[in-house]
Amino acid sequence: MSGIESVLQENRLFPPSPATVSAATISGQAAYDALCAEAEKDYAGYWARLARENLLWQKPFTQTLDESNAPFFKWFADGELNVSYNCLERNLQNGNADKVAIIFESDGGEVNKVTYRQLYEKVCQLANGIKSLGYQKGERAIIYMPMSVEAICAMHACARLGLTHSVVFGGFSAKSLQERIVDAHATLVICADEQVRGGKNIPLKPAVEEAFAMGGCEHVRKVIVYQRTGGKVNWDANRDVWMHELAANQATDCAPTWVDAEHPLFILYTSGSTGKPKGVQHSSAGYLLHAMLTMKWTFDIQPNDVFWCTADVGWVTGHTYIAYGPLAVGATQIVFEGIPTYPHSGRFWEMIAKHKASIFYTAPTAIRSLIKASESTPASHPRNYDLSSLRLMGSVGEPINPEAWMWYYENVGGKRCPIVDTWWQTETGGHMITPLPGVHGLKPGSCTMPFPGIAAAIVDETGNDVEKGKGGFLVIKKPWPSMIRAIWGDPERFVKSYYPADFNGKYYLAGDGANRDLDGYFWIMGRIDDVLNVSGHRLGTMEIESALVANPLVAEAAVVGRPDDLTGEAVVAFVVLKQSRPNAEEGQKIAKELREWVGKEIGPIAKPKEIRFGENLPKTRSGKIMRRLLRDLAKGAEITQDISTLENPAILDQLKVAQ
Ligand code: ATP
Ligand code: MG
């Protein structure tokens with residue numbers, strides 16, 4: 001077997017404008033090359049320099065990289081700092097105290113602006129309150145809250161006291177919550193009474209009680225409750241504390257607890273696209289360093305920018321690019337409680353115009369759904385809004401299909417704004433492969449080049465580099481500061497998942513298939529588990545999906561393999577049309593057309609044997625397509641897998657049978 005074949009050709013190239021290059025922090029190819037060369041020459045020295053220049057250390061480190069217990073690497077291990085101090089006091093000291101840190105917009109559209117000083121005081125009051133309940137450095141806190149200033153304060157209050165937080169997305173069920181409380185052995189839960197999404201109040205605290213009732217959570221001593229709606233809640237006076245009462249009379253200063261560089265800032269359970277969620281453990285110093293560097297270099301953040309990352313703090317993107325990165329670099333950012341389609345699907349564009357956002361970072365799933373919406377409801381099309389404040393846009397979470405990229409580039413960015421397509425993972429802490437706006441020409445669908453210092457490569461199953469133009473396994477050849485430190489409580493699974501011996505054992509194995517074109521650009525081809533084998537050709541899912549999405553009828557597509565006597569595996573495509581779901585007869589006609597289309601775009605080998613139409617696709621709660629479920633559906637098997645992170649279980653029935 002020789003890697004994965006690449007079949008889709010994409011030749012469009014968008015070089016950065018001279019103005020973008022000259023204004024950028026990393027300006028021009030030579031500046032990028034110089035950083036890469038510095039890292040090449042003295043890897044530890046490069047990261048040590050950046051860690052000294054960017055982080056505020058209570059006790060400076062003397063060791064940079066400790067590889068003695070590989071693959072459990074340590075960075076800056078004898079240094080001490082506090083992450084919350086680095087994000088808050090830093091801004092009080094450097095003249096940003098009265099700068100707006102957060103522009104919060106609620107689901108219903110109310111706006112609340114919080115300055116760095118106000119944020120600092122809120123965090124300190126909550127931290128003092130948590131301290132008064134007897135909590136100490138080293139304990140774990142589960143945070144189960146909606147997007148809010150309070151959720152960010154809760155994360156920072158934990159960081160300030162040396163508590164390790166684990167944020168659980170507010171859309172997760174009581175069962176998922178219970179599993180995470182148990183796995184993390186949490187002693188504190190911070191939640192809200194209810195959350196508000198799309199005009200509806202959705203209870204949160206009852207899920208906490210349900211989780212407790214399932215057992216195994218006896219180590220939780222207190223539940224701190226943020227009153228979001230004032231809805232009715234049950235109350236256990238021994239255990240439950242209102243956040244506003246707890247914080248009310250506390251001092252507005254709280255000295256940070258200094259922690260080791262390697263102290264676990266947080267544990268975050270991955271979204272579960274590929275199986276049982278894993279508790280990804282991150283460090284303090286190395287993690288924050290990468291959050292800051294990527295804010296400065298990828299997002300090219302400038303003092304007057306208004307940054308908006310649409311992720312939820314329940315995902316890693318919301319950790320690095322809402323809770324920590326933007327604050328550590330003193331940015332003004334938008335935090336949004338609601339959803340992109342309420343009260344109408346022009347909400348994102350309306351908010352960009354209203355708050356004059358200059359940098360906008362979202363996910364392909366959101367873009368695809370807004371493309372579909374803007375076709376069915378023309379009033380929600382971005383052309384109806386003044387988006388002239390935008391200067392840079394980003395994408396994260398899945399490969400972005402080239403046609404979705406083009407739509408985003410033309411209609412949202414006005415052909416003016418570079419798109420940073422950032423490849424990274426919960427495990428990597430921050431961007432790994434991404435364009436830098438003042439350096440790289442962009443190719444729609446490519447995440448382009450490694451971040452300076454990141455040793456990304458594509459290898460075959462023996463760990464040898466594949467030639468340019470060929471696909472293979474995406475690996476990171478050297479440890480980096482913001483990498484995952486462990487799977488919480490399961491060191492063996494950590495080694496098996498990321499440094500498997502039967503593979504090579506030396507490189508971090510990302511689990512994604514990728515291909516590097518002749519210009520050296522990286523293209524993510526989908527997850528290794530999803531690679532198809534059709535008549536001896538190993539094909540990534542991404543390219544066939546992108547070919548389908550390039551058809552004007554198609555909004556979204558997912559492709560999986562099904563065992564086939566003749567070809568080994570047959571391609572089965574699940575398709576969402578821009579129009580509503582077709583009836584059987586119409587479906588057959590469109591399926592025939594799409595099969596031919598794929599044959600023309602890619603080649604006969606990639607033609608789907610079967611196409612099923614749905615109103616949607618099964619997705620994780622972070623919006624990613626769950627192909628592992630589609631594989632079962634394609635072969636007609638019962639689904640017995642873990643579907644705890646599935647957003648829309650009802651869709652499975654619709655996709656079960658061929659029409
Ligand atoms: P789990 O690991 O539990 O299955 P997950 O991998 O979906 O869940 P994340 O860490 O949020 O959880 O996602 C990382 C993955 O998302 C990457 O491995 C890759 O497959 C995909 N991804 C993220 N950003 C990009 C991007 N810009 N281009 C292509 N793929 C991306
Ligand atoms: Mg993953």
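Here the Cβ of each residue, glycine as well, is placed from N, Cα and C on the backbone.
Taken from TrEMBL, the feature CoA binding site applies to Arg197, Gly198, Gly199, Lys200, Thr317, Ser535. Positions annotated as ATP binding site by TrEMBL: Gly397, Glu398, Pro399, Asp421, Thr422, Trp423, Trp424, Gln425, Thr426, Asp512, Arg527, Arg538. If you look up TrEMBL, you'll see Val549, Val554 marked as Mg(2+) binding site. Taken from TrEMBL, the feature domain 'Acetyl-coenzyme A synthetase N-terminal' covers 32-87. As annotated by TrEMBL, domain 'AMP-dependent synthetase/ligase' applies to 94-480. Residues or ranges marked as domain 'AMP-binding enzyme C-terminal' in TrEMBL: 543-624. Here TrEMBL flags Lys624 as N6-acetyllysine.
Cα spacing between Val549 (Mg(2+) binding site) and Thr422 (ATP binding site): 20 Å, rounded to the nearest whole number. Cβ neighbour density within 10 Å is lowest for Ser535 among the binding-site residues Thr422, Thr426, Ser535. For ligand 1, the recorded positions lying close by, meaning a CB under 6 A from one of its atoms, are Gly397, Pro399, Thr426, Lys624; the full candidate list was Thr317, Gly397, Pro399, Thr426, Lys624.
Taking each of the recorded positions Arg197, Lys200, Arg527, Lys624 in turn and counting other Cβ atoms within 10 Å of its Cβ gives the largest count for Lys624. For the recorded site, Gly199 (CoA binding site), the DSSP three-state label reads coil. Taking Cα separation as the measure, Pro399 (ATP binding site) is nearest to Lys624 of the recorded positions Arg197, Thr317, Val554, Lys624. Taking Lys624 (N6-acetyllysine) as the reference point, the binding-site residues whose C-alpha atoms are within 10 Å of its C-alpha, out of Thr317, Gly397, Val554, are Gly397. Most Cβ neighbours within 10 Å, among the binding-site residues Gly198, Gly199, Gly397, Pro399: Pro399 holds that distinction in the structure as shown. Across the residues annotated as binding ATP (Gly397, Glu398, Pro399, Asp421, Thr422, Trp423, Trp424, Gln425, Thr426, Asp512, Arg527, Arg538), the widest Cα-Cα separation comes to 27 Å. Along the domain 'AMP-dependent synthetase/ligase' (94-480), the predicted structure has mean pLDDT 97.
Residues Arg197, Gly198, Gly199, Lys200, Thr317, Ser535, recorded as binding CoA, reach a greatest CA to CA spacing of 50 Å. For Thr317 (CoA binding site), the number of other Cβ atoms no farther than 10 Å from its own Cβ, over all displayed protein chains, is 25.
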